[in-house]
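Report on one structure; see the data block that follows.
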């Protein structure tokens, strides 16, 4: 029997063949795994997210509160299915996708003469709540608009009021605003948010979050105020200020709503209300008030002593009542601010007494290129403070500002005080 012989070349070809088959097997496995992952990802993206997820992120109220638990999750009643028109399974999913990030539906073009579906869908409780809960005085305050304000529509604010007798808490829910004007001329939209104050004390101030690029913001935010007796509710009033956020400058004021609570009975439960947004009440004062300033220039130490003494006849910041004024003092050298100071806040007064002294080091000899700016502001907790009035003292200033500056330059080391009229900030 002849021996079987194998050449060395055959042994060298076996690892090569095994390597080729292994490479093909690896490529096939990776391709199969990638295909399975893509199929799973596409199937997940087509599924409607669960109720809690949609409700939290988009504010979609899928199941009304008046439905029982069986109708919320079961909906297996055959009689109801027969009576109701057939609806595609993915209709809810499509409706949710039509909403933007703020939970609002885009506006649709309606046929002329046909009523809006949105108006028909508005609950009648809003109108009924107004008739039962609002006194004639509050109706007069909300409807006393000039002809110009009636022409310029600023939208409608929807909210609800409730009193929790167990917790002795006053509950305000800011639901939404509709038909706001566009404050950004480039994008033709707004970034609205709402500030609310309980008058007359102004102790309770809250604000909603900012909703980006929408004229129909759905806030649905609830604010609970504890420690307010029910007997005191009739003496209070709610002041809503609707603003549009501006990242690079002072926020734009869209309008305001004032709701006196006298005559509103909350003992029967939650009251749903809506009010037209009106133009912000312009200060009725002829001026911005006056500021008493004392200046002293020390030529030997090259310092300027500034004393903010008093303010008088300051106007109301808005219909919410008196201002909470304070003064910012800015020192400028050649139109460049080199130092700043500020006084303490004086609560709810048009005639504030500060008596606060500030000493500034002058970087140059003389006061030719030096000026001092005084800004009287209204302190607003949780938002940007509003400028009540402005005063500039310096060599280039006009009126009493220039005269006061000339006197301290002519009479160094002498403390000279003068009243100055504030101008628009």
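First residue shown is number 1, and so on along the chain.
Glycine residues also receive a Cβ, built from the backbone N, Cα and C atoms like all the rest.
Within the set 22-41, 42-61, 102-121, 122-141, the record from TrEMBL flags 102-121 under the feature region 'Disordered'. Looking at the stretches 73-95, 142-164, the one that TrEMBL records under the feature region 'Disordered' is 73-95. Across the range of the domain 'C2' (153-274), the DSSP-based residue counts are 6 helix, 62 strand, 54 coil.
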